Each structure stands twice: as C-alpha cells, then as structure tokens.
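Chemist: My questions will all concern the structure given below.
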Amino acid sequence: MSKSTNGCQSCLHYVFDYETTKTLVVPSLRVGLVFRLAQLVVLLYVVGYVCVVQKAYQETDSVISTVTTKVKGFVFTNTSNMEPRFWDVVDSVIPPQGDHSFFVLTNLVETPDQTQSRCPEFPTPSTICVDDCDCIVGHNDPRGNGVQTGLCENYSTTVKTCEVHSWCPLEIDTKLPERALLAAAENFTVLIKNSITYRKFNFHRRNIRPHVNSSYLKSCEFNRKTNPDCPIFRLKHIVSEAGEDFQEMAVKGGILGILIDWSCDLDWWPGKCYPRYTFSRLDSKDPVNNVSPGYNFRFAKYYKTADGQETRTLIKAYGIRFEVIVFGTAGKFAIVPTIVNLGATLAFLSLVPAITDWFMLMFMRRRELYSRHKTSHLTEEQNAESTSMSTTYGTQ
Amino acid sequence: MSKSTNGCQSCLHYVFDYETTKTLVVPSLRVGLVFRLAQLVVLLYVVGYVCVVQKAYQETDSVISTVTTKVKGFVFTNTSNMEPRFWDVVDSVIPPQGDHSFFVLTNLVETPDQTQSRCPEFPTPSTICVDDCDCIVGHNDPRGNGVQTGLCENYSTTVKTCEVHSWCPLEIDTKLPERALLAAAENFTVLIKNSITYRKFNFHRRNIRPHVNSSYLKSCEFNRKTNPDCPIFRLKHIVSEAGEDFQEMAVKGGILGILIDWSCDLDWWPGKCYPRYTFSRLDSKDPVNNVSPGYNFRFAKYYKTADGQETRTLIKAYGIRFEVIVFGTAGKFAIVPTIVNLGATLAFLSLVPAITDWFMLMFMRRRELYSRHKTSHLTEEQNAESTSMSTTYGTQ
Amino acid sequence: MSKSTNGCQSCLHYVFDYETTKTLVVPSLRVGLVFRLAQLVVLLYVVGYVCVVQKAYQETDSVISTVTTKVKGFVFTNTSNMEPRFWDVVDSVIPPQGDHSFFVLTNLVETPDQTQSRCPEFPTPSTICVDDCDCIVGHNDPRGNGVQTGLCENYSTTVKTCEVHSWCPLEIDTKLPERALLAAAENFTVLIKNSITYRKFNFHRRNIRPHVNSSYLKSCEFNRKTNPDCPIFRLKHIVSEAGEDFQEMAVKGGILGILIDWSCDLDWWPGKCYPRYTFSRLDSKDPVNNVSPGYNFRFAKYYKTADGQETRTLIKAYGIRFEVIVFGTAGKFAIVPTIVNLGATLAFLSLVPAITDWFMLMFMRRRELYSRHKTSHLTEEQNAESTSMSTTYGTQ
C-alpha cells in the first residue's frame, strides 16, 4: 500500500468513522420512571398545548377585505320645530357611496338662508359692548363666530354686542331637540357585502354564503339565533346588540363598530370559515374627560338666489357613524413553523437525560454505585493535575 | 493545606472540572455514511428550504402607505333619453378628493325636479286601492316609497293607488339604459401616486421611480410589457386586465381592485423593491346568491326655487368603484429569527446520532460487537436489582 | 418464573431501563474555563438580547383603531381677486364628516357661473384654427376641455380657436394666487379622538388620557414639551413639526401625516401605554420626477337658475390633506414564543460541549491523554475492518 493511499484512507476514516457515545444501562425502575415521566410531560406540552391549543405548526396571514354597504329606509318628521318633511337615505346617509363607514343622521339643528353678511355676535363677556370703541375692526376671536367689523349693534332690546362679518344669521346650536328628530331611523336596514381574501393561501370568501339564495336575501334580517347568515341588519338591532339604546344614542350621536371576524383554521375546517359579527360602541360615553361627547359635524347645502347671491342651509348633523371593521387571521400548516416548534421540543427533550442524571446521582440509594460506573476520573493524572491546580485555585 | 482551602478547591473543582462524554469510534463505512447522509439532509433543509426559499432568517414588517389618485377625461352624451350633456371628472367622479377609493359614474337614472309633496305610489298588490278606505294614514311600508296620506288617487287612467308623502315625482329606476350612458368613460385615465414606508427598516419608496422624469409622466400610459413603470392607467385597460369587459361592467356597475404589491427582500435587492400592479374584480358576479348585483348608489343635488321651495335632482348612479389596495411585507436579516431557526436546526442535528445508533444496533452485521462495546450494564448489581424488580414488575 | 413473565419483564426492562452516557471528568482549569465561558456567552445572549432587547418571549398583536377629527376655525379673505368672503370649516374642510383623513382648503381658483354651452378652446398648436375646416365635429382631444363642435370662433381679437361643447366659461387655472388665499387656515385647530384596541389582549385605550379633564381640553393645545397629552393640534404646529412651512405648503398643497404610535409593552408598563405623535410630509417635494406636484382636486357647487338651467361654480381646490395614521404593536408574555426561544437557546447550549471537546483535543498539552481516556476504538476488530475498508476506500 502506497503512502498516498494511506493518507486518503486516514482522511476517509476521519470523515466516515462514526463516533458514538458510550452508555451505561441502569436497570432501576425509579430512574426509568422519572425519565419517561419527564419525556411524557414534554411530549404532552407539544402535542396538547403547542399543536392543539396554539396551532403553532401553522403560518398565518391577515385578511384583505372589501366592504360595500347599502342603507334602506325613510322617515317622515312632523314636529313643531320644523315643517313636515320626508327623509330618505339620500337625505340622511352621508357619504352616499356605501363605503365601509357611513353616517346615519338622527338629529339636527338647521340654520336656513345664511348669507355672507354682518350680524351681532352672541352675547358673551368678551362680545358685549357699549359702543363701537369696545369692538376692534378685524378682531378674530377663535371662540367667536366671525371677524369683527368694529361696530357695536343691538343683539336684543337689552344687550348690544360687537357686529361680525360671517354667515348670518348665526347658528343657534343650543336648541338641540331632546328627542331625536329622526328617531325612526332605527328601522333603517343596512345590507353589508363583504369579500375577503387571504392572499398567502389563495383563499377567497364572501359574507353571503353559497347556500343563501336571492329570495331569502330579499326578506331576511340578521338575528344571532334565527338568521345568523343574513347580511341585512336593522340599525336598532345593531345598537341594542352593542348594549346601547338607539333612542338615547340618537340624540347626541355616537360611533358604532360592526366587527366582522374572519379568523379561520384552513387546515381542518375551511368549510367552516365564515364571518362572525359583533357590535360595540367605539366612542367614549365617559362623561368626565370627554370634550364634545357624541358625534356630530356640520355641512351645508349651497344655493343661489335669483339675483346671484350665494346662500346656504347649514346643518349641524348629529347621528351614528357605523364603521364596518373587518379583521381576522387564517392559519394553515407550513413547514417552517412546524420545524421550529419541533426543534424547540427536541431541545427540551434533550434536557430530560440531564434531569434524570441529576435525580439518579442525588436521590437514589445506590447513587455511589451509579456514579462510579457512569463517571470515570483521570485518576493517574489526578495528582499531577491537582498539584498544578492547587497553585492555580489556591488562596495564597 | 488547610480545610478551607480544601473546601474552596472542591468547590472550584465542582465548577471548573469538565465532564465530557466517553465515546466509541466505530470504523464502519456504512454507519458513517448513514450518519453523514442524515446530517446532509438536515443541513440541506436548512440552507435550501429555510434560508433560500422561506427566508426564515428575516424579520418582517407590513407596509404603511398613502395613495392619491387623479382621474382625467370627459364624456359628451347625446342620447334620446336625455338632452346633450358634457360630463367632466367633477361631474362623474365621486368623491372628488382623490382618495385611495374612487367611483366613476358610467350609467344613471336621473329624476329631476323632485319636491316634498304627494303623489300616488307605484302599483303593487299592496298599494292598489279602490277608495280611501284601503289606505291607512301614516302607514309606512319599508318596501314603499313614502308615508301614506290615506287617500286613494289615480296612478294612471286605469289604476288607482294609495297616495304617499315623499319626494315626488317618484324615481322610476326600471328604465336603466341598456347601453351605459357614459360608456366613453373607459378612456378616462387615472394617475396613482403611492408612497410607502416600512417603519421597522426606515425604508421609504414611491411608485414613481427615480429614473422616471416629468415629461415621460405627462405622456405615458401603463402597459405591463412596454410601460410597466408608468403610474397612469387607462380605465379600460384596468378592467380588461382584470378579465372583465368595461362596456358590460359599466351598465350595472361593479368594484374593481387595483392591487399594488410591495413585497420586498431588503437584504439582497433593495434596489429591486418596486411595486407590482395587479387588477381584479372584487364584487361577485355570481347570479345565484346575489342581491342587488353590480354597484350603485343614489345621491342628489339640492336646489331652491325662486320662491324658496327646496327641489332636488335624484341620481341613481351606476358605475365602477376603483379601490387601490396596497399590501406587502418586507423582510430583512435579524438576529432573533436567525437564532431561532439555527437552534431548531441544531436540535434536529442532535437527532442524527440517535438515528445512526439505532441503525447501527439494529441493521449492522456486527451489531452485537458494537452493542457490547458501546453499552455497559451494571452487571454485578444486576442480580440484586433484578430480584427487587421482579417483585415490582411481576404480575402476581 | 414462567416464560410470559420473562417476556413481560424484558419488555418492562426495555421501557424503564435508563440508559445514561458514560462520562469522563477532566480536572483541567483551562478546559473548564472554556466550557463555562461558552455557556456564559450563550446565556448572556439569551437573557440580554433575546429577553431584554428583543422581548422575544412576547406574542404581539396589531392595533385596531377608530379616529374622529373635528376642525375649528374661520378665515376672512379680502383680496383684489375676489370679493370679501368669510370661510368657516363647513366651507373649507372636505369631507365634513371628521374622518381619519381630511382636507383643509388653503388656495383656490374659482370659476363661477359655468353652464353647459359652447366656447372657443384655449389657444394651443392643435386648437388654433383659421376656419371651420380645421375643426372636426366631435373631435375629442384628451388634453382639451371639451368636444369640438366643428366651428372656428374668435378666442380673442387676434386668435381663432376651435369651439368646444363644455362647461363654459372654461377654467383658467394658471392664475393661482402666489400667496395662499386662505393662508390664515394655519390657525385652525383640530381635535383628534382616537380609540384603540388590542383584541388578543382585550386591551382598550383612548388618546384622551384619564387624568385629563374637560376644562383642560377646552383650552389646551398640543405641544411636545408643555402639553404632550393634549389632543388638540394647531395646523401650523403640525406642519412645522413635520419640517415644512405652512405658508409655502399652502400655495400648491400637499399631504401631511399625523402618525400615532401605540407600541406598548403590556407586561411591564401597561400604564405607560399612551400615544406618541409624530408628523411628516407624505407626498414628494422632489421637483424632478414629479407630475402635478402638491395636492389639488376640483369640485363644484351646482345651482339652478330661475329658468331651470343648471349652472355650477367650479373650484380647483389646493390645500393640505391631513391623514391620521394609527399604528403600533403590543407585546405580552406568551408560552409558545418563550418555549421556542428557550428551545433555540438550549440547542445552542448543546453546542458548548462539542466546542469544548474540540478545544480540549486540539489545543491542550495533555490532549493525547484526554483523547485516550475519552475515546476508545474497536481495536481487536480494527484489522478485520481495516482490511475490508481498504477494499472499499481504496483507489484501485
């Protein structure tokens, strides 16, 4: 055999010789029980908790969703404040496009026929005046309603206030009807169409389920018990499911969430992946630290008179903003999270022998015997080592 | 040497003595091959699948994005139903702000000059009447168009129906033009500006790429092959890329998603992080379980007549809602996921000796020999143990 | 003892005999130091980096949020271009609903009294004509302003252009005021109400903190140093915090992000979970590859004249779109990520003996001795094996 063959052989030996640990079999039931028990605990954790409860073998994806809403209904109001009027959804739902968020008008303060002109301010300590000297031309009080013209005019027979350039007459928003004007909007219904996608899993679904037909959809109304699949909701029902009273909420307004939960396990029950609806009030009712409670905003309809002057009808609209919030996470088996979790489990299983050894060498009656057979010491060198070590470890 | 030095030394021995496993080298090629092969499989999985395919060494972040859109174009309609009319984007795109979602009007039913007044209902089994007794004052049918006044009026020369208080004349939405009125809106173009941020990685980017200059942007039009970087899209092109026909979709309306995918690998190709556009129809065409197919909504323009009466032009608008949906995940190397995945791999590598041992002691010809050298039994104690164990394990 | 008992016993032995590795204790300080040091490094990484810095023991959830905004303020404009006019938020904030995104008008080009009619185009090379032959009936230039009627009309005393059917008079948007018309909108304030939820942890919070009372909210104004908890922001302050100048931005418009960061550690400081506000400009100021810089859109107010003709006032609105972007991740202790990270650590700890062995057998003076005691070779079989192996490994 040549030298090169020898070199190659030793290299092959280096690569392919298998080095295995030498082991000692201890035929002790107690130690064995501890060992198996520890293994069992780790395995139970993995199978039970990680796999079944947490589904850690899955990768997840968040939902992408589209929502359209369509409100139906009308209200006829006939109160002393206002002339009789018929309101349909075109008049009372803003914006009209049927987005995921829509506002339903329930109460309002209307200020018709405002024009760009001048009028005396509301009387407050800073606006009440005696003569024109008290009013500064161009003064611009952020709490006020316009820019002062410098004149002091009669607000009423008894009070004079500074005149302002503004949209006049000024809005008097303190006379909000105590019973919501469009209280009957509680009977409006809203059809919610929602399509979702989990892109990672190429999974598409709609909230209108396949077994539901058109005729059912024309007449149904959502009810958690009797009609859980119907995508048509009565506003009153939504509000009451959120634990609120529509009539109470209608006066000052508020924000109501229609939460659609699409959480799904696509491994086991892709067929059972359907939306779960919940409802909750999103704004705060807390009266303590609450500036401008409820929900309102102002908008105007602009007109032109025959002589070309612009006028507007200002509306301070109180109502309920409904927000459709779609969320959810889908999980599906994937290799990487599975491997990572199995790996972590294996790492814990590798702790088991260490624990068992510790138990065996600490608590067993025959621990001396076990230790003698399991552990060998470098005895003949011990002295030499010990001498050198005493110098090293010593406390001189 | 004093006792305390001894105590200290034994303590130091306890901490710093190194306990290593005793091993047996088995110079068998077969066993070695099995060992190396198993190692190879684990390493290949890690390098190939985890690192290259899944990029599990990266941490990820979701995109934060802003979108503005600007539609351009105009249409001139000249049909028998309506007087000639010029429509620009101000008339036909709702809302005007250029948000991530915009609606382009393609077809409409217009009901001009509606006023708050009274008119007979459309004839249906529940509204046809013979005399006033058939109509109930204040009756409020959710399927109807207003609140009944209690009178029975002539709807036509042959039919009498209950009169309602409503916006009159009532809208007749059955006469929807069969060919979309604003079919020419297919030539509208939309400029989409999209800025994105991955906050975790402090990475910002726009869909208008740096090498693109203003003059190109003024004349270009998106085309997947010839102009993939142009952010100006012809509506017809968008719809056809989504596999739909604009003319067909324009009649009843629909919802179209403009999906912008910003998925990026920031380790290797941050320069290649650019948007990929796809288009798909988001609403359902399924005729079976589809209530109110297509996409439409009603809005009104409010006017005041010279004598101060409010009138409105009601428009039932059919059209295509375009939704720009921006999504994506960026990945970048991070320590924690790398460590976790390496750890899992190491855990699997620690399985390899167990597998090899099993192979060696089960399938090799010399397994007896290997077993004898690898495993030792507590032989002298065996009998004593065995006696006690027979009592324990036995089946008496 | 019967055979079955024996079989059962051997089975029990198989299950409950504990097989432990045989070990060798090496009383070398150096090797021990290397071993403990490597362990220390791994532990430090885990405790320091994984636990403290990365908080990898936590599971995370993304925020679900609702935002309402309410702008306050007014502006009085009195320039030569326009008659004196008073603007409140109803006139200058679009849309009015107080959504998470709102537009504040700062500059505009108004084209009043447009009607559906005919007028000569603006002179450009393609619209200038000599007589009617140069104009094509129905020609529809996407760059133009209407559909050509086929006539050539006087645009001015010197130039003739093709007549178009359009909303006339045409908008002349080149005369944009150089100083923003509603520059004073910088003093508008916006109240932002933001409620958030981390659903996984059932954690709700508002940006109006509990210790803040109504009277404070009525007068405060956000300031990073003096009033960091006040949810009322002056627009000028927002823009300057974003590093921009309101007056400059107001001329051409732009998009400004109000970023609310709700990142929280719910294990240690749930009480410290409050919003952090930052502001940044979202659109590009880059003048190079920027088509239609700034932010503007057109909208119209529709009127009807006494004789029933529709007219409109077209407004090209420049201004700042404010977008409230809420983001954040909450982390809380959870078993699965903890286990996974501990597992990965354990796997790395299991590397430590391998490294120490390698050090011991490569670099120690007594490595021959250690090797002899640690590793045994199948010596008596070696020859036999070696023979067979030379056949296998050899290079014949």
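Cβ coordinates are placed from backbone N, Cα and C, and glycine is handled just like the others.
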Chemist: From the disulfide entries in TrEMBL, identify which of B:Cys51, B:Cys162, B:Cys168 pairs with B:Cys135.
Modeler: B:Cys162
Chemist: Report the candidate from B:Thr174, B:Thr189 that shares the ATP site with B:Lys70, B:Val71, B:Lys72, B:Asn296, B:Phe297, B:Arg298, B:Lys316, as recorded in TrEMBL.
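Modeler: Answer, per TrEMBL (ATP site with B:Lys70, B:Val71, B:Lys72, B:Asn296, B:Phe297, B:Arg298, B:Lys316), from B:Thr174, B:Thr189: B:Thr189.
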Chemist: According to the record in TrEMBL, which candidate from B:Cys119, B:Cys220, B:Cys230, B:Cys264 pairs with B:Cys168 in a disulphide?
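Modeler: TrEMBL annotates a disulfide bond between B:Cys168 and B:Cys119.
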Chemist: Measuring Cα to Cα across B:Lys70, B:Val71, B:Lys72, B:Thr189, B:Asn296, B:Phe297, B:Arg298, B:Lys316, which the record gives as the ATP binders, how far apart are the two most distant ones in Å?
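Modeler: Value for the max Cα separation, rounded to a whole number: 24 Å.
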Chemist: Run a quick check on B:Lys70, B:Cys220, B:Cys264, B:Lys316: which of these recorded positions have any Cβ-Cβ distance to chain A under 8 Å?
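Modeler: Among the recorded positions B:Lys70, B:Cys220, B:Cys264, B:Lys316, not one has a Cβ sitting under 8 Å from a Cβ of chain A.
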Chemist: If you run the three-state DSSP split on B:Cys119 (disulfide bond), which class comes out?
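Modeler: Going by the DSSP assignment, B:Cys119 (disulfide bond) falls within a strand, counted as strand.
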Chemist: Give me the Cα-Cα distance between B:Phe297 (ATP binding site) and B:Cys119 (disulfide bond), rounded to a whole Å.
Modeler: 23
Chemist: Find, among the disulfide-bonded residues listed as B:Cys119, B:Cys135, B:Cys168, B:Cys230, B:Cys264, the one whose Cβ has the highest number of other Cβ atoms within 10 Å in the structure shown.
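Modeler: Buried the deepest by this measure is B:Cys264.
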Chemist: If proximity means a C-beta under 8 angstroms from chain C, which of B:Lys70, B:Val71, B:Lys72, B:Cys162, B:Cys230 count? These are the recorded positions.
Modeler: B:Lys70, B:Lys72
Chemist: Cα-Cα, whole number of Å: B:Cys273 (disulfide bond) versus B:Cys230 (disulfide bond)?
Modeler: 16
Chemist: Going by DSSP, is B:Asn296 (ATP binding site) sitting in a helix, a strand, or coil?
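Modeler: In the DSSP reduction, B:Asn296 (ATP binding site) maps to strand.
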Chemist: Using C-alpha atoms, which one of the binding-site residues B:Lys70, B:Val71, B:Lys72, B:Arg298 comes nearest to B:Cys168 (disulfide bond)?
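Modeler: The answer is B:Arg298.
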Chemist: Between the recorded positions B:Lys70, B:Val71, B:Cys119, B:Cys135, B:Asn296, which lies closest to B:Cys152 (disulfide bond), Cα to Cα?
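Modeler: Answer for the nearest of the recorded positions: B:Cys135.
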